[in-house]
Amino acid sequence: MGRTLAEKVWDDHVVRRAEGEPDLLFIDLHLLHEVTSPQAFDGLRKSGRPVRRLDLTIATEDHNTPTLDIDKPIADPVSRAQLETLRKNCADFGVRLHPLGDVEQGVVHVVGPQLGLTQPGTTVVCGDSHTSTHGAFGALAFGIGTSQVEHVLATQTLPLARPKTMAITVDGELPEGVTAKDLILAIIARIGTGGGQGYILEYRGEAIEKLSMEARMTICNMSIEAGARAGMIAPDETTFAYLQGRPHAPEGADWDAAVEYWKTLRTDDDAEFDAEVVIEAAELAPFVTWGTNPGQGAPLSAAVPDPASYEDASERFAAEKALEYMGLEAGQPLRSIQVDTVFVGSCTNGRIEDLRAAAEIVRDRKVADGVRMLVVPGSARVGLQAVSEGLDVVFKEAGAEWRHAGCSMCLGMNPDQLAPGERSASTSNRNFEGRQGKGGRTHLVSPQVAAATAVLGHLASPADLSAADVPTPAGV
């Protein structure tokens with residue numbers, strides 16, 4: 001019988017297999033940040049162990065980093081301590097670190113791919129659930145806990161139970177104005193936040209194949225929001241073109257050999273998945289969340305659902321609780337929901353294509369009165385590229401705040417937070433209660449919807465904008 005993409009990569013990395021025990025996998029790339037690594041390094045110190053493979057380990061600062069005044073001391077003592085601890089640990093153990101202010105600093109899941117560290121057929125781990133992002137390259141990538149971080153640092157291996165596989169096939173072409181973020185939000189709403197539990201998801205089909213690498217990263221990034229262990233997309237010419245010439249990509253004959261191997265990383269025709277889901281791309285539309293988990297979403301053209309419409313008691317209760325927290329009413333049109341803040345950034349949508357898309361919509365327009373718009377590049381390198389294209393000027397002229405790289409408002413661990421009761425349209429990946437700050441209310445959206453929302457002041461898509469939203473040039 002043939003094998004799926006996930007099975008091929010898994011089998012290639014098994015160091016030891018024994019009946020009744022988890023497989024022991026070799027890890028090709030270990031990414032670190034300041035939040036989940038301190039106890040792991042402490043464990044190494046206590047046991048007197050070094051980092052096993054410094055050449056396969058890299059760290060960056062992202063979760064706690066400020067996005068303003070990065071040359072000044074960090075005010076919050078916890079954030080400052082975590083960053084200082086990471087710097088000391090990396091110095092003590094010889095781990096490569098890209099700290100705040102470094103040209104390669106940024107959100108770990110943006111930094112890895114842009115450096116060419118993430119490659120097809122590799123295993124990638126990080127103490128962060130959105131490590132699934134790297135599966136866009138045909139890598140087997142998953143988040144791990146702190147004790148597992150220590151295990152990988154010490155041994156470059158990890159014992160893991162083999163997950164099941166699920167194919168998510170997206171047939172046809174995405175309609176105009178529908179993005180990768182809309183697609184993954186629709187998938188999560190379809191299968192639920194627990195629908196992928198115990199599975200590695202493989203995204204397939206015409207719509208997936210036509211996505212750029214950055215769009216594919218958005219898809220795989222949110223696999224964890226469907227409960228999955230990982231998400232993967234088979235590598236192809238789009239993948240190879242993205243990787244070629246990047247700092248850590250193979251060169252010359254090594255490149256040719258790598259591409260030949262990468263081309264084998266496709267699910268065999270006779271392979272069998274444990275589960276399959278089919279999505280019709282033509283039926284999709286701009287999508288937003290209305291509740292407090294990523295599965296509570298609907299097309300922007302819809303209304304807030306009535307909890308009474310849910311047959312399942314637990315779903316009904318969750319919807320009731322979500323509406324109470326979000327301050328919404330059943331039947332309320334999603335487009336009528338006013339926002340206070342718009343956030344463009346994160347490891348989901350903080351790449352250059354995302355910033356270009358948002359900038360194109362706010363160009364020659366103004367952010368609505370009473371709305372605050374934060375634009376945060378996913379890495380310092382992305383920020384430099386955006387500046388070279390003049391995108392920072394576009395955002396600032398529209399009235400948005402242009403920031404330095406970091407996780408920013410994706411989570412309430414740095415100064416960029418919502419105040420209690422404030423509502424945001426956010427391109428990040430989670431909308432749990434308090435995720436963006438205590439009492440904050442989050443609607444997950446695409447960069448395009450975020451930008452249109454910033455201009456109109458309520459949830460909106462670019463199609464809702466008209467020529468009337470463009471200021472008349474002086475003297476005309």
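Note that the numbers count up from 1, one per residue, in the order the chain is shown.
Backbone N, Cα and C atoms are what each Cβ position is placed from, and that goes for glycine too.
What you see is a predicted model, and the numbers here were worked out from it, not measured in a lab.
DSSP assigns CYS347 ([4Fe-4S] cluster binding site) to a helical segment in the three-state reduction. Look at Swiss-Prot and you will find CYS347, CYS407, CYS410 tagged as [4Fe-4S] cluster binding site, backed by sequence analysis.
Per Swiss-Prot, the feature region 'Disordered' maps to 418-442. Within the same chain, residues 130, 181, 221-222, 225, 288-289, 291-294, 296, 325-327, 337-350, 354, 409-412, 449-450, 453-454, 459 sit at least 6 positions outside the region 'Disordered' (418-442) and bring their C-beta atoms closer than 8 Å to a C-beta of that stretch.
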Counting by DSSP secondary structure, give me helix, strand and coil numbers for the region 'Disordered' (418-442).
0 helix, 6 strand, 19 coil
Relative to the Cβ of CYS410 ([4Fe-4S] cluster binding site), which residues of the same chain, six or more apart in sequence, are found under 8 Å away?
PHE343, GLY345, SER346, CYS347, THR348, SER426, SER428, ASN429, ARG430, ARG435, GLN436
CYS410 ([4Fe-4S] cluster binding site) - helix vs strand vs coil (DSSP):
helix
Count of other CB atoms lying within 10 Å of the CB belonging to CYS347 ([4Fe-4S] cluster binding site):
28
